[in-house]
Amino acid sequence: MILLGFVDDVLDVPWRVKLLLPSIAALPLLMAYAGHTTIIIPKPLISYVGQEVLDLGWVYKLYMGLLAVFCTNSINIHAGLNGLEVGQTVVIASAILIHNLMQIGASSDPEYKQAHAFSIYLVQPLLATSLALLSYNWYPSSVFVGDTYTYFAGMTMAVVGILGHYSETLLIFFLPQVLNFLLSLPQLSGYVKCPRHRLPRFNPETGLLTGTRDGTLINFYLRMVGPKSEKTLCIHLLLVQALGCCFCFLLRYLLAGWYK
Amino acid sequence: MAARKRASAADTKPSPPPQTQETTTLIDPPIAPPKKALIFKFCLFFSIPYFYLLYQYYTIEQELRRSILINASLCVTGFFLTQRMIPVASRYVLKRGLFGFDINKKGTPQGTVKVPESLGIVVGIVFLVLAILFQYFNFTADSNWLVEYNAALASICFMILLGFVDDVLDVPWRVKLLLPSIAALPLLMAYAGHTTIIIPKPLISYVGQEVLDLGWVYKLYMGLLAVFCTNSINIHAGLNGLEVGQTVVIASAILIHNLMQIGASSDPEYKQAHAFSIYLVQPLLATSLALLSYNCETLLIFFLPQVLNFLLSLPQLSGYVKCPRHRLPRFNPETGLLTGTRDGTLINFYLRMVGPKSEKTLCIHLLLVQALGCCFCFLLRYLLAGWYK
């Protein structure tokens with residue numbers, strides 16, 4: 001993915017290629033995934049499904065492939081403000097790290113611990129290098145990160161989520177990105193006219209950004225809370241990200257006894 | 001070391017009026033059509049020893065042969081895919097200013113044509129796609145095999161990335177030496193084989209042992225080998241078709257060698273090792289042939305010409321003798337011939353020996369030298385087979 005991201009940054013490849021190639025880049029991952037392809041049905045739904053555990057087989061592998069494609073592209077579209085791409089990665093990666101440590105501490109299954117340790121060994125370098133980039137990319141940005149970074153970060157997090165066997169938790173960490181994706185669907189699918197850039201409108205006199213009618217989380221948030229400066233807006237969105245992660249932890253805690 | 005002069009902003013000629021420029025780029029492809037006849041001739045020529053070895057000369061297990069052929073058919077698809085993608089990629093690459101001018105055509109009209117650079121990226125990506133997809137079709141794979149295979153892919157992928165970054169950013173040579181060493185690390189980690197060497201029979205009396213365990217020195221040797229191979233092809237370059245041509249020749253020799261070793265051996269692990277090599281060399285060969293069609297113009301011994309070139313280059317690379325930016329032969333626009341300079345490269349050395357040649361003839365000669373080197377290697381192995389090991 002790093003290779004593809006860099007090639008995309010240099011050559012500006014068409015979007016169809018952007019969707020196809022991550023699917024292929026994810027294949028070694030799927031081949032190497034030697035874990036279960038079953039999901040545990042939440043207790044309240046057992047009566048409807050009829051089973052406690054459902055083996056999805058190849059559908060699970062398809063889900064993992066789609067997850068990889070989703071993660072890589074979702075960070076890429078939830079972007080455009082100084083420090084947003086790296087910032088969201090730092091927030092999510094920190095949450096992943098905490099999650100891994102908690103799971104290792106709370107578990108007694110050595111294989112389970114190894115899976116989360118595997119995730120730590122990859123998330124820590126991601127965090128370290130991203131923090132270094134953030135030191136230059138935070139408002140006001142001296143450098144931009146390019147698709148190279150967003151693809152790299154997205155794929156790394158998808159990889160650790162899949163090989164650490166906690167992809168559902170990962171998806172909840174990605175809640176703002178999911179929201180952004182859903183908001184973007186009408187324009188991405190072509191149903192609504194999609195401009196080249198869907199950034200909020202900048203007013204040079206006031207120095208504030210105003211939300212347009214484009215379907216992104218950034219614009220949606222601005223339309224809700226009113227015009228904001230770029231730095232404040234980015235901080236707000238990162239707080240939203242962090243809140244989403246906390247919500248995930250809360251959810252897991254509440255459902256721990258009841259859910260799985 | 002790019003042999004094509006990279007176009008700078010100052011050198012770019014002013015473009016023609018926008019309307020004609022746009023219509024020409026829409027109607028005409030950006031590059032000349034591929035030289036399919038050349039590649040077809042090569043494939044025909046090469047398929048004779050390939051199929052003969054695979055089917056007739058040796059009895060190879062059904063499953064192993066099937067895996068090899070599945071890999072080969074995947075590669076044929078890869079060849080056509082690469083051939084289709086190169087003109088497409090050329091457009092993007094030209095648009096972003098990644099092109100050069102052919103130094104060996106300077107003074108002729110062809111010297112003003114913008115030649116797109118870095119099309120190795122197409123080869124690299126298609127190769128990786130083929131290699132990744134093959135994992136699904138290799139039914140003889142176990143988890144150990146997957147580890148080694150993916151380590152190999154990781155090393156290759158990292159090098160493709162570094163190569164492309166170098167093409168775009170033109171990194172300093174220290175970085176070019178350091179990073180391949182790191183790119184080779186997954187390979188070294190995954191290497192689960194022996195680190196012993198077998199002493200040739202005549203030398204046993206001096207060494208005192210039949211088998212010598214080199215331990216970490218062997219791994220160091222492998223790391224240096226990786227750095228050497230990556231850089232040696234890069235410096236034995238500069239003529240139309242030389243880089244890809246030498247790769248095709250060496251890869252073909254490797255493939256024949258692998259088939260012969262599989263056929264002649266009875267040790268299943270040994271066969272698997274050579275099969276592993278085949279699964280990666282076939283995609284390399286297929287994708288390189290596709291690039292070559294546009295670009296025309298027991299392992300260290302297969303690289304004999306590269307080793308020679310490296311040794312000839314040492315005085316200049318080390319700085320002992322003054323080293324210019326390009327060490328290409330001198331092109332005479334009137335005669336169309338290249339003359340050897342006093343630079344220390346195999347190309348110049350050869351030209352000083354045989355006299356001025358046209359670029360195409362020179363390249364063919366050098367590739368024949370390469371092929372002769374490989375034949376010599378086979379002969380050597382055959383002669384020493386009973387005596388040596």
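Here the Cβ of each residue, glycine as well, is placed from N, Cα and C on the backbone.
If you look up TrEMBL, you'll see A:20-41 (among others) marked as transmembrane segment.
Beyond the transmembrane segment (A:62-81), the same-chain residues lying 6 or more positions past its ends with a Cβ under 8 Å from any Cβ of the stretch are 1, 18-19, 22-23, 25-27, 29-30, 33, 56, 88-89, 139, 147, 150-151, 153-155, 157-159, 161-162, 167, 170-171, 174, 176-178, 180-181, 184, 188, 197-199, 216-218, 230, 233-234, 237. Under the heading transmembrane segment, TrEMBL lists A:62-81 (among others).
Taken from TrEMBL, the feature transmembrane segment covers A:87-106 (among others).
Long-range neighbours of the transmembrane segment (A:118-139) within the same chain, counting only residues 6 or more positions beyond its ends whose Cβ lies under 8 Å from a Cβ of the stretch, are 81-83, 85-87, 89-90, 93-94, 96-97, 100-101, 104, 145, 149, 153, 156-157, 159-161, 163-164, 166, 230-231, 234. If you look up TrEMBL, you'll see A:118-139 (among others) marked as transmembrane segment.
Annotated transmembrane segment per TrEMBL: A:151-175 (among others), in sequence order.
Taken from TrEMBL, the feature transmembrane segment applies to A:233-255 (among others). Same-chain residues lying 6 or more positions outside the transmembrane segment (A:233-255) and placing a CB less than 8 Å from one of its CB atoms are 42, 81-84, 87-88, 91-92, 95, 98-99, 139, 169, 172-173, 175-176, 200, 209, 217-218, 221-222, 225.
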